[in-house]
């Protein structure tokens, strides 16, 4: 095994590194000699009679007897020979077995050489492999098969194991020690050990015929426990056996299967494994004191501590033989294939046969934590290589004290089964130690750790119970629940040891002598924090994090170091007190240990066979053993770097052992006294202890690596150590302040006696006469002293580097952090003691309410240094400053001011020499007077500093940070109001500025009201959510929107508990401005919707009310929630009313039309009730004039005259002239509030009154604020929306004459602005679209509303255009001309183009600018109205279209009167020209027809006109290609051709399309080219002769 030893000072100057020494066995005259090589040796591995060395640079040397080399004499060689076969490779680790060797290269490839009789070299067909040859390790289960990268190999006598980078085990060779499910040997090809698949293996070692693996524990399963079965799942044997004896019944709950396969039932595994003839011995260990297992003999229990029950060798052999025969016979009779099956923990360990020994295992107190040990080497045979630093080995090798006489066991005495395995040298350590899984497991385990024992914290994790055969043990939970992530960099202490192979000497550790074909976990080592393994020929060793060694197997030469007889279960090796082992090696019949004593110089222990021969030499830098020789590697470092590293590692190991003993002796016995604070302290202690253990293991393994200082955990994860120590220290302080240590005195005396000497001894307290409480305090503060040790040793390491190097800087920085934390924690301790002292003197009644664990005293004014200004003469004012509050105490009362919401400022001292401080809290501010300027400065500084600390997080290490003079004016804090009438009892949490909530925050009232949002000067201001519980309905009112001065103000949404929802503007907590109210339980079926203007919470102004239940829609004026003024009502039955309303009823003059055009014009007195004079007109034109009364739709009473208009009497056509809309609200009076809100957003009080620059500023602000709000919830914005917002950040130039180019920039800007509701214009357009749809959809889709709908859009255009002209003041007014750019003028003249009346593109019009934005959004509702209005005309036209389209092309052309020269003769189909036949349909002018059909896919008139123009162009193109010459149309020629195209286009609602174009056409277009073409289309449609004559012509022909 490799062991690192520090150098003694005398040889430091030589600076040698990696010198190897070897010797043979142990005798008094052993003198190790150096073996000199050109390069330092990094690793040595020893076999039976040979050795392998790895030197710097990755080269490999062999020495000793090498019978597989052809040119090598049998006598062997002492001079190492270079293995040339590996010179091209960079080897990182080597291993030696009995007669074969292995090496692993940097890229994970394995090379083997030596004896291959049993296939141990993994190469088939060769009995001997003379030179290193690569062995392919391939994962055949992967597709395609993948090569496996290997970390390290271990060699036995007939087998080899390899550990892959994925921490799986592969094996080859012969024997059951391979762990493979096969009986055919040898296994030439490396196979995966499937039984360990899915587990994280950290190390593998080989004995001569057994194998061991160090495995990281699995996290505890989370599923519920299943009830245990009473039959074994594999072999179906009973899990419980009962044996009836004369006077008692013995129940055994253990069951063994020879395969060793373990099945998990539920969450627990069996207690002790018992072969029916034998119960295994399990080392009993209680609080670190080891005793031998309790033995039972003849039914009487006797303890055998030193003496063995078998006095001579023969008796022992007989016993072993009897045991194995009996157990095998019994098993054969039952069932040959038994399986080791798990059980729940027994309440006790029962005995199956009173005559056999029994033991009960108790895991040490404390948690089983993860541990990683990187072993540098392990060995079999009799050589030991140990690293040591220039100590002469003679001084070092002291004889290992063995407690009992050596009993020679005949089992494997003469045979040499050397094998040896060395850990490689490790850039890979990081991977091994990353144990995040274990940390998670730790947390889970901490949670599971509490058993239901009253008043007691019991630490029995399910996994521990499952892995170890023992009854539950009471203990305090020493493992904290939460573990930081950085533990990922630390080695795992939660490990298990698995063994398999031959067990004839008990070397498997399962308590029997049976072989195991499969890996099986050794129960006795669960929770022992094993970090390293070593295997001798027939014995096994493990090293734990507590620096203890457990051994088992053959003890023929005392190599186990603990008793005469061999052991079949792990037992603790006996070492003198204070000896801490940190490396182990095993030879064939001996063991080598490397340990620290009280000084950090290493001591080498040897135990086992004594050899009289001389010694054989190898090289230096570590230790290994094999055959009958030992080897040691030593290091000498010029600057003492290695010595410092060793000192650091030794100190950490010693410290961990100390922590473990405190944990096991003291903390585990304080269980019943556990209060919450003590429990917390114990948890923190456990966390600290765990971290130390992991660091100790990490340092030990670090010594075997490249030793680059950058890999030190103490450096890289300094923050983890600093945080853990800070938390631990806070926990002690809290317990101290609350008088917890005084309370612990009695429980301690109960457990340890009156003097509690055990505790005194632990605490190393040297003061005479210290009370037990002080001793305990000192004991718990011990770890804090260790911080100085870290600082000192890191500084020592730093001195090994150049002052300006990076490493020096890093060490220096971290060192100062540890030192400053140590000072800071010392200060914290003083504060805690000062506070404890204060509470002792403070009046008791207040103490109870003010004393808190985390509260520390800063200063107090008992000396009258601080008084209240204007206080009464006899009043007592005592001010006490704690680290979290300022307390003002009076006679019997006190008031606590939390520091987070306390502001203090000095008052100028000019007036009358007063030294004043002004203190401001959220609800009070008062003046304090100090007795002197120095007192004033002291209190001001004290209050400011404690406020600053309270804000930055109390108890954090602020010692390193530079303290600010004053705490910030603005801060985040929580406060509960107790005075303020509006806020009484409310709690505010959020931002503050000088005593007032300011910024984001949450305000909660005791009655359930809650506001979440922004504040300004103590009032809600900005955007916020407000919830008000409605007690009667048991639901909440919920407001979400804008606030101002503590009231709802601006846009918001209010969801009432009743189910109503209001969305719109607020002012002073009332609905005010434009808004929409939906009523009804579900919005989808809401019985009514109102959208319109509100004034002081009432509907006032223009609004639309949709009464869904009655199927009526009202559009008109309101006052105080009632219909008042002019309005229009339409119903779902087609009734239409327009006229006056009063007191919510139709009252006054009005016009009523029914679906069939029956019209009444006159007076009304109530809804649908005629009352007074009027005229009733029939659909055929007859009318009645007179006075009417009655409800429309029931019988009407009429007294008047009936008129039948004469056909020739043209005077009386007044009935036809009824113009609707006169009594409706004028369109420019509608939605005034919507436009006013837009103007106010732009900063104008009324339309057009304001500054353009202000408006642009407001737009920029609105966009920025909205973007910021949406940045918090990006899912609300699509990517395109984001781009739109980005492009809107550029404000177009809005001053100066507007040219065509600038006009287009403005147009593009408007399109984008109207595209996002975050822009005031976009918001306006969005609202207008909403109100328009609300008005004209559903019941509002009434054809009589068409004209109003058209006028409404026109009024939108003019009013939006007014805003656009306000933003762009130089834009010409409606119909004005754009300025021409100077270069354009020249161009137009030089080209000689004739300048027409102003080009359409040059004229500014609101429709051209804004219709593209508005119309697409309003089109569906508008076009529906057109379609309803034009229904009859469209039906006539469509009937004609369908009839004419039955004709083939040529017939139709002829009938329409198209001249023959315009008839196309050919058509193109799929690129081929074909003749047009008389039967051809839909071929002539096909492209023009297709073009015209696109008119239905466009929205704006200009786009539709463009389509018509393109259609004309297509017709012209086709005719030109026919005539092959220039050609000008006459209307007579063109008209029939165009008519043909229109008919063939089959446009259903052509009449509606034409009306829409006509209504919205740009005035300046009417006389241009577009105008003429449109007129042509209109004539086609409106001239009834076109439709009536054509069919007649056709029919006649």
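Cβ from N, Cα, C; glycine included.
As the structure is a computational prediction, the values presented were derived from the model and not from experiment.
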Worksheet entry | Of the residue ranges 281-309, 310-338, 339-367, the one that TrEMBL records as region 'Disordered' | 281-309
Fill in: From 1379-1401, 1402-1424, 1425-1447, the residue range that TrEMBL assigns the feature region 'Disordered'
1379-1401
Worksheet entry | Which listed span TrEMBL calls region 'Disordered', if the choices are 413-440, 441-468, 469-496, 497-524 | 413-440
Discussion item. Six or more residues beyond either end and a Cβ under 8 Å away: which residues meet both conditions relative to the domain 'PH' (917-948)?
Written reply: 858-859, 864-870, 879, 881-884, 886, 897, 899-907, 909, 963-967, 975, 977-980, 988, 992, 994-997
Practice prompt. For the repeat 'RCC1' (167-217), would you mind checking the mean pLDDT of the predicted model?
Written response: 93
Worksheet item: Under the DSSP assignment, what numbers of helix, strand and coil residues are found in the repeat 'RCC1' (58-107)?
Response: 3 helix, 24 strand, 23 coil
Worksheet item: Could you give the number of helix, strand and coil residues in the repeat 'RCC1' (167-217) as assigned by DSSP?
Response: 6 helix, 25 strand, 20 coil
